[in-house]
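Feature annotations, reproduced from TrEMBL:
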- 1-23: signal peptide (SIGNAL)
- C33-C50: disulfide bond (DISULFID)
- 64-219: domain 'Cupin type-1' (DOMAIN)
- N109, H114, E119: oxalate binding site (BINDING)
- H112, H114, E119, H165: Mn(2+) binding site (BINDING)
Amino acid sequence: MKMGAVSLITIFIVSCLATLAYASDPSPLQDFCVAVKDADAAVFVNGKVCKNPNMVVAEDFFLSGLNKPGNTSNPVGSRVTPANVNQIPGLNTLGISAVRIDYAPNGLNPPHTHPRATEILVVLEGTLYVGFVTSNPADPTLKNKLFTKYLYPGDVFVFPEGLIHFQFNVGKTNAVAFAALSSQNPGVITIANAVFGSDPTINTAVLTKAFQVEKNVIDYLQAQFWWNID
């Protein structure tokens, strides 16, 4: 007997809800699960292997240095200093991390995404022009929508999980921001770096078709050094 359309829709909805239930970092099943360095782990897991709780010390939950400015002497004029599970092993399974971002005048944190986290950013110094772009709309005649805002010290802005976003220092002085992210390891995909700086490079025929430009434009972009700021 063939399954009815209503039953198929029901199964689809239940499957989607089940997927959403596991879409973010898992909740811890104990007080903490301090990460073991990858080189010391005998197996690969989704996250990091737990350290013996009897061997855990306060230093596993500690990181110093976020009071120090990052070096912004690079082509984009910004620097991200992370505080995630790779710097603080005690963050393992806790579903949170942080970053400090420094911007030189005209410094840019280029368009990028965090595939595993929502980001909430607060400006401490300077003036930032920030924004994010929505995913592709269901109606193909519509365009992706851009949300932007000028931020000043004390202002807060949220970048939804997985969406392309950026921050640009429009002031004449250095700017500083801190952000919290809803994952112990949010991941970063800088759009230009990923598209034009991959190794091996993406076939130029793919990129000329995608961007509707001549091959020499793609050749030029792939020949650039794409700088990672974190």
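Every residue number used here counts from 1 along the chain in the order it is shown.
Even glycines carry a Cβ here, placed using N, Cα and C.
This view paints the features noted in TrEMBL onto the structure.
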| residue | record | contacts (Cβ under 8 Å, 6+ apart) |
| --- | --- | --- |
| C33 | disulfide bond | G47, K48, C50, K51, N92, T93 |
| N109 | oxalate binding site | V76, S78, V80, I101, Y103, F166, Q167, F168, I229 |
| H112 | Mn(2+) binding site | I164, H165, F166, V188, I189, T190, I191 |
| H114 | oxalate binding site | F159, E161, G162, L181, S183, P186, G187, V188, I189 |
| E119 | oxalate binding site | V158, F159, H165, A179, A180, L181, S182, P186 |
Query - Listed in sequence order, residues not in N109, H114, E119 with Cβ within 8 Å of the centre of the oxalate site Cβ atoms - result: V99, H112, T113, A117, L121, F159, H165, A179, L181, P186, V188
Report summary line: Around the Cβ of C50 (disulfide bond), other Cβ atoms within 10 Å, all chains included, total 19
Requested in this report: Give the number of CB atoms, excluding that of H165 (Mn(2+) binding site) itself, located within 10 Å of its CB.
Outcome: 22
